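Student: Per TrEMBL, Na(+) binding site is recorded for Ser253, Asn285, Leu350, Asp353, Ser354. Look at TrEMBL and you will find Cys111-Cys120 tagged as disulfide bond. Residues or ranges marked as transmembrane segment in TrEMBL: 30-51, 72-99, 170-188, 197-223, 243-267, 279-304, 324-350, 379-404, 410-433, 454-472, 492-510.
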Amino acid sequence: LSEQSCSTAHTGDICEKIRCLIILLPGAFLIPYILFLIIAGMPLFYMELALGQYNREGAATVWKICPVFKGVGYAVILIALYVGFYYNVIIAWSLYYLFSSFTFELPWTNCGNSWNSPNCTDPKLFNASVLGNGTKYSKYKLTPAAEFYERGVLHLHESRGIHDLGLPRWQLSLCLLVVVIILFFSLWKGVKTSGKVVWITATLPYVVLFVLLIHGITLPGAYNGINAYLHIDFRRLKEATVWIDAATQIFYSLGAGFGVLIAFASYNKFDNNCYRDALLTSTINCVTSFISGFAIFSILGYMAHEHKVKIEDVATEGAGLVFILYPEAISTLSGSTFWAVVFFIMLLTLGIDSSMGGMEAVITGLADDFQILKQHRKLFTFGVSFGTFLLALFCITNGGIYVLTLLDTFAAGTSILFAVLMEAIGVSWFYGVDRFSEDIQQMMGFKPGLYWRLCWKFVSPAFLLFVVIVSIINFKPLTYDDYTFPLWANRIGWGIALSSMILVPAYIIYKFMNARGTFKERLAYCITPENEHHLVAQGSVRQFKVCTTFTMLLLATNPFPSLATTAALHQSPQRGSFHRSVVLYFCQHDAVQEAQYHMHQLLEGFGHLPSTTKKMTKQNPQGYRSLVCSILGHI
């Protein structure tokens, strides 16, 4: 898992990462980002690793622990599939730029190319007066780099909007095909191949990032950019978008909620220390994000210095930075071809790294649920890869950027937050934090601390519920630069978002209607782990059993039950009442050791109980423990 979790956790969505860093001018962004990392990111990352490792299942079948929540698994699989449709397109862009970089003069350096407009402005002749009307440099679309991206790569000028897509561009189609082929051969044998590939894709970006950082901080104006990066504007904390974007970015960067962590963790050894993995990987991820900010803002400072404008004027979001501003900055450096090749190799490996994680979540999640897919994994992997290729063709048409923007906004925004919320509720409130903690103890020999249990049960669900509600309330009609999406496009977007979220309540209804028995028995079958369904058939269900648990223990451990029952129920002193209450509580929460201790204290409190009972608990503690476990299984 060490390399596999890094492959999904430290990269996230390239454009989403940079969008949050830039548009929020991160001093203010880092505060909610770190807060959400502590109270939600790390706890949920840890939960998903432990969930997958203990149950050895993918995102759907892992819900054998609480069958009614299996729809959550299908939801996250569908979300991961949606992301794959457009994420591979971003990788294809990177590959196209990489091929275009193998020239003595980078194609986005000067005007005069076939794709340039008559109004193209040479950046060497550029000055602030060219902008006018308060237009920011980042929004000026007539530079060679901007025109290469929008006219040479996307051919956006040939589309009037999302209603006018046109045909796929053959150059991008070939790049997309190469990306899909690489992904297929990286995944067709499961972690046997992806585990080897990720040694390159997860480590090479760190080398490149370090090289770019060292070179970036030596450029003129870099200090001003870094100063802007570290400056905290507390007024921005009043804006809801700062908190929503920080929350969304946490899940993108850590990979929680996409089923990726559960899928990869299911291949771990049972006794692997996933607690260490959770802390180490999430920390490395966030430190990497923080350090990458220095590499980004040193370039922004350099560009602001070159064009004699403010940092805010060159700061742009997402693809604009990756495919316009950064390439433009590289083109001004000595040895620009080398730096361009290095930069786009980094983007390519980052993208493949993340896409492998998303596709593995889909493949493992469905293959574990349907044996026929597992038996023909290679063919199924080919089907998923080819399917994403076909649907991604919509994103490489003349108006493909509009489709990509639509998917990027709706496919994994509110829907992924909702899925993680339901996942946290299912594990913490229905399966139970105490039982989940004991599962972790079986794997690693220790239970999670109070902090983790409180976050799982209260803090993380409350935080997620808040963010989901705020993200819906603060929704604004979709735009791309100056283009405003029509109303029907926004409705399609919400339809895409709801298509995954609706799977959760739909499966709850389906599961309940197909369960057998009375209303109470149906409900029991839905929320009881599958390995305990035989207890439901016997009418002994833990979730509904409210009778005196300590009495059952006494009856089972005493050859004279009537005497023990009388002593416990009618003649117990205050001390006995205390231990009875504690025994009942621990039994209901499946805490065997604690229940055994207080049961022993209760028996010791009644001196007139038969000595055979106390003799059994002292001479055969293991047998007593087994007996307690057996009884707890019927509670």
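Heads up, residue numbers simply count up from 1 along the chain you see.
Glycine is no exception: its Cβ is also placed from the backbone N, Cα and C atoms.
Automatic prediction, not curation, is the source of TrEMBL annotations.
I'm curious about the neighbourhood of these features; can you describe it?
Tutor: If you draw a 10 Å sphere around the CB of Asp353 (Na(+) binding site), it holds 26 other CB atoms from the protein chains shown.
Packing around Cys120 (disulfide bond) is summarised by its Cβ count: 19 other Cβ atoms lie within 10 angstroms of its Cβ, all protein chains included.
Within its own chain, the transmembrane segment (72-99) is flanked in space by residues 13-15, 58-63, 153, 171-172, 175-176, 178-180, 183, 257-260, 319, 323, 327, 340-341, 344-345, 347-348, 351-352, 354-355, 358-359, 361-362, 365-366, 369, 384, 388-389, 391-392, 394-396, 400, 403-404, 407-408, 411-412, 415-416, 418-419, 422-423, 426, 496, 499-501, 503-504, 507, which lie at least six positions past its ends and keep a Cβ under 8 Å from the stretch.
Nonlocal intrachain contacts for the transmembrane segment (170-188), taken as residues 6+ away from its ends with a CB within less than 8 angstroms of a stretch CB, comprise 88-89, 91-93, 95-96, 99, 153, 194, 197, 351-352, 355-356, 359-360, 363, 377-378, 381-382, 385-386, 388-389, 392-393, 396.
Beyond its flanks by at least six residues, the transmembrane segment (324-350) meets 11, 14, 91, 94-95, 97-98, 101-104, 106, 108-109, 123, 138, 143-146, 148-149, 200-201, 204-205, 208-209, 211-212, 215, 296, 299-300, 302-303, 306, 314, 316 of its own chain at Cβ-Cβ distances under 8 Å.
Residues 44, 47-48, 51, 63, 65-66, 68-69, 72, 75-76, 79, 82-83, 85-86, 247-248, 251-252, 256-258, 453, 456-457, 460-461, 464-465, 467-468, 471-472, 493-494, 496-498, 500-501, 504, 527, 529, 589-590 of the same chain sit 6 or more residues outside the transmembrane segment (410-433) yet have a Cβ under 8 Å from a Cβ within it.
Sequence-distant neighbours of the transmembrane segment (492-510) (same chain, 6+ residues past either end, Cβ-Cβ under 8 Å): 68-72, 74-76, 78-79, 82, 406-407, 409-411, 413-415, 418-419, 422, 478, 485, 526.
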Student: Do any residues, 6 or more residues outside the transmembrane segment (30-51), come within under 8 Å Cβ-to-Cβ of it, and if so which ones?
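Tutor: Same-chain contacts beyond the flanks: 1, 5, 9, 20, 62, 65, 232, 237, 242-243, 246-247, 249-251, 254-257, 261-262, 265, 268, 274-275, 277-279, 281-282, 286, 290, 420, 423-424, 427, 436, 439-440, 443, 448, 452, 455-456, 459-460, 463-464.
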Student: Given Cys120 (disulfide bond) and Leu350 (Na(+) binding site), what distance in Å do their CA atoms have, once rounded to a whole number?
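Tutor: On Cα coordinates alone, these residues lie 32 Å apart.
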Student: Measuring CA to CA, name the entry from the binding-site residues Ser253, Asn285, Ser354 that ends up nearest Cys111 (disulfide bond).
Tutor: Ser354
Student: Which residues of the same chain, at least 6 past either end of the transmembrane segment (379-404), have a Cβ under 8 Å from a Cβ in it?
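Tutor: Apart from its flanks, the transmembrane segment (379-404) reaches 81, 84-86, 88-90, 92, 154-156, 158-169, 172-173, 176-177, 180-181, 183-184, 187-188, 359, 362-363, 366-367, 373, 480, 483, 485, 489.
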Student: On a simple 10 Å Cβ count over all chains shown, which one of the binding-site residues Ser253, Asn285, Ser354 is most densely packed?
Tutor: Ser354
Student: Just checking, which of Cys111, Leu350 (recorded positions) has the fewest C-beta atoms within 10 Å of its C-beta?
Tutor: Cys111
